[in-house]
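Undergrad: Annotations per Swiss-Prot:
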- HIS19: active site, proton acceptor (ACT_SITE)
- TYR14, TYR65, ASN67, ASN113: tRNA binding site (BINDING)
- ASN9: site 'Discriminates between blocked and unblocked aminoacyl-tRNA' (SITE)
- ASP92: site 'Stabilizes the basic form of H active site to accept a proton' (SITE)
Amino acid sequence: MKLIVGLGNPGQNYQFTLHNIGFMMIDYLLNTIITDKKIVKKHNSYIYKANVGSNLVLFVKPQTYMNSSGHAVKKILNEYKIILNDLLVLSDDIYLPEGNYKLKLKGGHGGHNGLRNIIDCLQTKKFKRLKIGVSQDHNISLEDYLLTPIDDKKKLMVQKSFPIISNIIKNFIQDC
């Protein structure tokens, strides 16, 4: 069983913000590679259970706020007895240009508070994360940049890598 967690903040106000790119990627996956899924609301999360090929996969959107995502991730890992090697976290990254991505097998939080909380709750940095570039606008505060809804043009720009990222995620799912 694989666990793919998209980081974001719950609620309409945050739906199309750069900080919610993890949620957007989960939605993209659910709409493109998943044909049959079951949704469960548990552990302050939306958990979408789906078969991808011969693998059972949990696609998760924690409904805690970003900075408390680790609590939900830990509970789900424990309940479903998923090992850390089968966890992939999707997050935004201001240090990568829009449309770029980086797969890391382990490492620090890079200043990302959602990743920091997961590391703190799991007490390890040894889990995979796929960082999706959102760039940074130094003319406004980081909080405003990440939490202000984006227009359609910007959304297309940051989502241009989603098909390639989807293939990386499919490879992760199929890796036994």
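Positions of Cβ are set from backbone N, Cα and C atoms, glycine also.
Give me the local environment of each listed feature.
TA: HIS19 (active site, proton acceptor) counts 24 other C-beta atoms within 10 Å of its own C-beta, drawing on all protein chains shown.
For TYR14 (tRNA binding site), applying a Cβ distance below 8 Å and a minimum sequence separation of six or more within one chain yields GLY8, ASN20, LEU147.
Around ASN9 (site 'Discriminates between blocked and unblocked aminoacyl-tRNA'), the C-beta neighbours below 8 angstroms that are at least 6 residues distant in the chain are THR17, HIS19, ASN20, TYR65, MET66, LEU147. ASN9 (site 'Discriminates between blocked and unblocked aminoacyl-tRNA') falls within neither a helix nor a strand when secondary structure is assigned with DSSP, and so counts as coil.
For ASP92 (site 'Stabilizes the basic form of H active site to accept a proton'), the same-chain residues lying six or more positions away in sequence with a CB closer than 8 A to its CB are LEU7, LEU18, HIS19, ASN20, ILE21, GLY22, HIS112, LYS131, ILE132, GLY133, VAL134, LEU146.
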Undergrad: Other residues with Cβ within 8 Å of the Cβ centroid of TYR14, TYR65, ASN67, ASN113 at the tRNA site?
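TA: In sequence order, the nearby non-listed residues are ASN9, HIS19, THR64, MET66, SER68, SER69, GLY114.
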